[in-house]
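According to TrEMBL, the protein has these features:
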{"type": "BINDING", "residues": "W24, A58, F59, E60, A82, V83, I84, F115", "note": "5-amino-6-(D-ribitylamino)uracil binding site"}
{"type": "BINDING", "residues": "G87, T88, R129", "note": "(2S)-2-hydroxy-3-oxobutyl phosphate binding site"}
{"type": "ACT_SITE", "residues": "H90", "note": "active site, proton donor"}
Amino acid sequence: MTIKTIEGAMRADNARFCLVVSRWNSFVVEALEKGAIDTLVRHGADASALTVVRVPGAFEMPVAIERIAKKGGYDAIIALGAVIRGGTPHFEYVAGECVKGMAQVSLKYGLPVAFGVLTVDTIEQAIERSGTKAGNKGAEAAMSALEMVDLLRQID
Ligand SMILES: Nc1c(NC[C@H](O)[C@H](O)[C@H](O)CO)[nH]c(=O)[nH]c1=O
Ligand SMILES: CC(=O)[C@@H](O)COP(=O)(O)O
């Protein structure tokens, strides 16, 4: 018995990506953005097919992502940011609304929204996840976007 399997390949044939990048903690987010773009280009994405949209913070991501998805023209959105816990519960609200909002947009429009937003307790954790000993979450988000674009094309 042969089980039919459908899975996305890591390629970007004529795919259009929009990166939504927040400015908070830019010393970390810049590394996430570099990792994401490097990954996309190395997997065949045309740099001219990439768009970068900058937002103030993670809390503003969902409304920007919703507007981008509504306008159309992209095969996937990659959200890049860093929410670093401070001394108040603010972290919970920013991180929670960010992820909830972008997940809702992804489902509403059937559009992959890769979650490359760090939600960490310390700056050290952020640094570790933006290109040092714990990898680059921006690159990982780009890999997810590549795979999902190809997967959804196969399903359609
Ligand atoms: N503390 C962090 C924020 N806070 C700002 C919010 O995202 C938002 O821009 C503000 O509340 C105005 O609406 N944003 C991050 O991306 N990362 C943080 O660590
Ligand atoms: C995630 C945040 O909003 C946080 O960095 C803000 O810090 P604080 O909780 O000390 O106001």
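Cβ atoms are placed via backbone N, Cα and C, with glycine included.
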Distance-selected binding-site residues near ligand 1 (C-beta under 6 Å), from F59, V83, I84, R129: F59, V83, I84
Annotated recorded positions V83, T88, H90, F115, filtered by Cβ under 6 Å to ligand 2: V83, T88, H90
F115 (5-amino-6-(D-ribitylamino)uracil binding site) - helix vs strand vs coil (DSSP): strand
Rounded Cα-Cα span from T88 ((2S)-2-hydroxy-3-oxobutyl phosphate binding site) to E60 (5-amino-6-(D-ribitylamino)uracil binding site), Å: 19
C-alpha spacing of W24 (5-amino-6-(D-ribitylamino)uracil binding site) relative to R129 ((2S)-2-hydroxy-3-oxobutyl phosphate binding site), in angstrom: 16
Candidate recorded positions G87, T88, H90, pick with smallest Cα gap to W24 (5-amino-6-(D-ribitylamino)uracil binding site): H90
Nearest of the recorded positions (G87, T88, H90) to A58 (5-amino-6-(D-ribitylamino)uracil binding site) - Cα to Cα: H90
Surrounding CB atoms that lie within 10 Å of the CB of T88 ((2S)-2-hydroxy-3-oxobutyl phosphate binding site), all protein chains: 8
Spatial separation of F59 (5-amino-6-(D-ribitylamino)uracil binding site) from G87 ((2S)-2-hydroxy-3-oxobutyl phosphate binding site) - C-alpha basis, Å: 18
Distance from I84 (5-amino-6-(D-ribitylamino)uracil binding site) back to the residue listed as 'active site, proton donor', taken between C-alpha atoms, in Å: 10
Maximum Cα-Cα separation in Å among residues G87, T88, R129, which the record lists as binding (2S)-2-hydroxy-3-oxobutyl phosphate: 23
Cβ packing number for W24 (5-amino-6-(D-ribitylamino)uracil binding site), 10 Å threshold: 17
